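Report on one structure; see the data block that follows.
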Amino acid sequence: MNNSKTNQQMNTSMGYPLTVYDECNKFQLIVPTLDANIMLWCIGQLSLLNDSNGCKHLFWQPNDKSNVRILLNNYDYGHLFKYLQCQRKCSVYIGEGTLKKYNLTISTSFDNFLDLTPSEEKESLCREDAHEDPVSPKAGSEEEISPNSTSNVVVSRECLDNFMKQLLKLEESLNKLELEQKVTNKEPNHRISGTIDIPEDRSELVNFFTELKTVKQLEDVFQRYHDYERLSQECDSKTEIASDHSKKETKIEVEPPNERSLQITMNQRDNSLYFQLFNNTNSVLAGNCKLKFTDAGDKPTTQIIDMGPHEIGIKEYKEYRYFPYALDLEAGSTIEIENQYGEVIFLGKYGSSPMINLRPPSRLSAESLQASQEPFYSFQIDTLPELDDSSIISTSISLSYDGDDNEKALTWEEL
């Protein structure tokens, strides 16, 4: 039992754990890399996807939820990969029959995942342990409905659209009825009479009000006065905002260009070098770069890692491994990042701390740094780029379940 837990911890550090369900089985799978084709290949090795009707659909969810999302395109797989990168536990269900067994509903990518109610969570645990069939609809209808049960009701988007259309029609009818009531209940106008004596020396006022012959003309004067007041207030507020903005602009400090750096944390274990890269700069690191590590020995050697075609966004992490490496890490070792044109765009040295800040060399021009920023690489499941042999790190592990003597070795390629 202890050995199985130890193996599980080791496998977790080497990939992304997934719990996979079909109609009869449940097993734990370590996905080595966030690649849709590799994930499908790993599951397909266990002969769980093929049936008499062809390939079954795949669904996924974070653990302990009552609904699932289907995996069809890059957008769907991107959501799953985002959860796995955050070290969250996720489950994959194979086929609609499996969803029926575990009493799960299908939602769109725009809907949120819903938590299981206490009763559903208890039933789910019992079915996982005893592989029992889900509760029949008749038995479920006889249970008492709690007041909070409506909070987890799943409604299709088509049904919601119909609700919205009906609500809009109801709102239009209410507005029309309210307008009709105002017209029918309109009180008769009460004429207000009065006189204002204007001095004869104010000839402008006398001439202005002499031209007012009707109530409509008086209403126009009243409306123009209110428009003038509103525009005056808006101009005053905009003037204040502009003055505040100009004061703030004078206080803005320009960030010095030498503050941009790539942070690399180096570790050595099991005859391997691990480089965890964190993009702490203010720009995206383009793909097709190379990481060069040169030791500080008497006869220095350089190890090169191809960083792959994918770019590294701002505040994003990526980890690389170099195997084998049996030498001891020494202070003064050099780390360089080269772009696809062979130019060194970041440089740093290894010291007493495992964390190294890589900065652009002083000789690097702004044009060279700008040229290294390539457009975002479009990821497609059906058209994956060909991998260079120099950028492949191959490892073999065995996936097996309890009580199975036949182990199957899986080999993956990690960039």
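Using the three backbone atoms N, Cα and C, a Cβ is placed for every residue, glycine included.
Among the residue ranges 21-28, 93-100, 397-404, the one that Swiss-Prot annotates as region 'ATG11-binding' is 21-28.
In Swiss-Prot, the feature phosphoserine is assigned, of SER119, SER141, to SER141; the remaining candidates carry no such note in the record.
SER243 is the residue among SER124, SER243 that Swiss-Prot labels phosphoserine.
Here the coiled coil (157-187) has Cβ contacts under 8 Å with residues 108, 110-111 of the same chain, all six or more residues outside its ends. When secondary structure is read from DSSP and collapsed to three states, LYS213 (ubiquitin cross-link) falls in the coil class. Predicted-model confidence for the coiled coil (157-187) is 79, expressed as mean pLDDT. A Cα-Cα distance of 45 Å separates LYS213 (ubiquitin cross-link) from SER243 (phosphoserine).
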